[in-house]
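A.B. asks: The annotation transmembrane segment is assigned in TrEMBL to 142-163, 170-190, 196-219, 231-250, 256-274, 286-304, 316-335, 347-369, 375-393.
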Amino acid sequence: MEAKTIAMSLSGDRLLILPTSPRSSFVSPARFSRLPLKRACIGGVASGSGVDGYRGLARTRWNPIDSTRHRLVPVRAIDSDLPHPIHQGSSGLGKIKEYEEWDSWTAKFSGAANVPFLMLQLPQIILNAQNLLAGNNTALSAVPWMGMLTGLLGNLSLLSYFAKKREKEAAVVQTLGVISTYVVLAQLTMAEAMPLQYFVATSVVVTIGLILNCLYYFGKLSTTLWRLWEDFITVGGLSVLPQIMWSTFVPLVPNSILPGTTAFVIAVAAVIMARTGKLSEEGVRFFGSLSGWTATLMFMWMPISQMWTNFLNPENIKGLSPITMVLAMMGNGLMIPRALFIRDLMWFTGSIWGTLFYGYGNILCLYVYNCTSKSFFVAATVGLISWLGLALWRDAVAYSHNSPFRSLKELVFGP
């Protein structure tokens, strides 16, 4: 996911800054040779979690003959960042074909999500460049650098999440998200809209983060260094999220850094307990999933912030573009089938939330305030319902379920 802001011209020199929807792609083609899979053990699932579990897993090459015996098993949400275990069983060739076809299609849908997200990203960078060339540095002050910095932290957290899962395509998407956000921050620094010392610190974190993730993905990084990096992004995410949520409701609530400070102390205490063996195995695994969840929750909060703004200032909704909201709905919606298919609750939660509350939610607001036509609203509604229905139906067919709701049950509670 990737936090952006779009500056939309209202009239004259007025600009409306809109955060774009989270971006990320869960692209994992049917070529399972890229996935480090765990073999099923008789009497239980092969153990292994976190970094140590990864280093003990051998890569398994996908064999078309063996494909009739191996299928992915849904995993619990707490294990979303681990490779998906497989079990052995028998199934008809027809069912296996349907499974593989839907696996391939969901990967293609996730990859296609890059198109609408790309169309949402470029305007801000282009607009900033034009203002810089024209010497209009004041215009860049309208872009909230703290919001962009928060999005950058979210991208780094998700980059680590996908690097840990060995999801190359999704990791590349997050890397591009980090770089594009960094470009915007560089533009803001050039316009003196962002303090230089913060930009220098950001540059150090971005450089270290990209290098560590690259080394870890290729197996060139020690477990100790990777754990230190995970602790850093976990503490950062847990500290920033409560502060963002609190700041949304200022001035209805006092302007205070107490939420962020309190969360920081709790996060540091959790890190110390996890690394000194004071947490149970279940607690350690839960702690390991926090960085990905906090990044997801950061992006999930964006539509709440936007809709809260719409509620306080209904006139501002006229500055929202219906096409922009459709692109946001499409980008998130295209990732839903893949997240459901691989039973990644964290990814599914972020995607469905962005689709319903950021994309469709703002389209609904536009319709309520007569800022878009009835036919446009009906088309968006029918398209969304049809797409969600298709995703549930095809997933049930791929897994040979009698009911599409069983897929949702497995997503939340496991098999």
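Keep in mind that glycine also has a Cβ here, set from the backbone N, Cα and C atoms.
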A.B. asks: Under 8 angstroms, Cβ to Cβ: which one of 170-190, 196-219, 231-250 has the largest number of such pairs with the transmembrane segment (142-163)?
C.D. replies: 170-190
A.B. asks: Report, as numbers and ranges, which residues of the same chain sit near the transmembrane segment (375-393): CB under 8 Å and 6 or more residues beyond its ends.
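C.D. replies: Residues packing against the transmembrane segment (375-393) from afar: 322, 326, 329, 333, 336-337, 340, 355, 360, 363-364, 366-367, 404-405, 407-408.
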A.B. asks: Is the transmembrane segment (256-274) packed against any residues at least 6 beyond its ends, judged by a Cβ distance under 8 Å, and which are they?
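C.D. replies: 231, 234-235, 238-243, 245-246, 283-284, 287, 290.
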